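Below: one structure, written as structure tokens.
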Amino acid sequence: MKYLSILGSTGSIGKQTLEVVNHFKDRFKVVALGAGQNVSLLKQQIIKFKPEIACVLDKKNAQILKEGLTALNNLKILYGPEGYEICASYPKADIVLVAMLGISGLRPTLAALEANKTVALANKEALVTGGSLIKKAIKKKNQILPVDSEHSAIFQLLCEENKNYLKRIILTASGGPFWETDPSDLSNVTPEQAIKHPRWAMGAKISVDSATLMNKGLEIIEAMWLFEVGLDKIKILIHPQSIVHSLIELEDGVMLAHLGPADMRLAISYALNYPQRLSFPLKPLDLTKMPLTFFPPDFKRFPCLTLAFESAKIGGSMPVVLNAANEVAIKAFLKKQIKFTDIPLLIENIMKLHTPIKEVDLETIFTIDRQTREKAKEWIKKYT
């Protein structure tokens, strides 16, 4: 039996994780759940999975949750950043799945690593903003198990032998809903169109990231930290079918690919059950009924990808700026305050205002994050 702490349990990845847990009832026990403000769903999850502790965003939501669970006297309810860190380092937890949104996942990830937990990481922003700190906090081999489908694929392909002969990592991208859209039409894209991903079931923020290809840009930085490779060893391919989740190229010219259904529960199940592979009820692939096509990315159509490469090349504090400006831009786009094409424009302008810092500590990361958000909001007020 493995004991789990799930942070971000009411989000898309969190809900799918609990589906996996529910399927493997005899293998997993949830001891901690963390969510934001979706108290209603968290309450249902608590009643079903009976964790020992739970955490929400703030005191107000904690009180609402407490009032709705008066019968569960043994449940400890926490709130805020400290509460999430307590859930992440909870003594009974073997695996901490971090699926929180944005930079909020950084502190809990560090807390889990420092408490010697295995981290199933579905929060790419933690590595994007604090990769150097996370690498220093790792205490054992394979302590971080990636949950992103692309990075899970690379992790599975990179056995010890292949690591020694790795020439290149190739991350695949579906291209999102607009990869064939005429660039002149992108300024008219609505939030409703942007969040309709053609292949994956995801939350609004990551769906917009996929539509701009910023998601793939963040995954480039994530891959650099996870697999300790330089930017020159990472390539992007557009693969609309989302069947090949990623590839590696070896020194002798051989390419190895990871194929599977476009279902996040596969990557989640792999991370939770690692190093075992257990059967999960999904429709198997039939390669005779599906074409597999690949295309180079269009950097002009998707300038966010260019900005991510630039940020990765500069390093240091610049990915923090990239991430914060992107989050503000997406929030503004979803509220219809800016156009879809304003997202990269905002990010580029905010990046130009920043003087990179080579070495960053945790306090500096959050200071830069806060300052960047303020500048991004000022830009929106000024130019819209």
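Cβ from N, Cα, C; glycine included.
All TrEMBL annotations are machine predictions without curation.
When the candidates Lys92, Lys117, Lys124, Lys283 are compared with the 1-deoxy-D-xylulose 5-phosphate site entry in TrEMBL, which names Ser149, Glu150, Ser174, His197, Ser210, Asn215, Lys216, Glu219, the shared residue is Lys124. Among Gly176, Gly203, Gly217, only Gly203 appears in TrEMBL as part of the NADPH site alongside Thr10, Gly11, Ser12, Ile13, Gly36, Asn38, Asn123, Glu125. Lys124 (1-deoxy-D-xylulose 5-phosphate binding site) has Asp148 nearby among the binding-site residues Thr10, Ser12, Gly36, Asp148, Gly203, counting only those with a Cα within 10 angstroms of its own Cα. Here the candidates are the binding-site residues Asp148, Glu150, His197, Asn215, Glu219, and by Cα distance the one nearest Asn123 (NADPH binding site) turns out to be Asp148. Residues Asp148, Glu150, Glu219 make up the record's Mn(2+) site, and a Cβ search at 8 Å around their centroid adds Lys124, Pro146, Ser149, His151, Ser152, Leu171, Asn215, Lys216, Glu222, Ala223, Ser246 from the same chain. If you take every residue in the domain '1-deoxy-D-xylulose 5-phosphate reductoisomerase C-terminal' (144-227) and average the pLDDT, you get 93. It is 17 Å from the Cα atom of Glu150 (1-deoxy-D-xylulose 5-phosphate binding site) to that of Gly203 (NADPH binding site). The C-beta environment of Glu219 (1-deoxy-D-xylulose 5-phosphate binding site), restricted to residues of the same chain at least 6 apart in sequence and closer than 8 Å, consists of Lys124, Asp148, Glu150, His151, Leu171.
Asn215 (1-deoxy-D-xylulose 5-phosphate binding site) sits 22 Å from Gly36 (NADPH binding site), taking the CA atoms of both as reference points.
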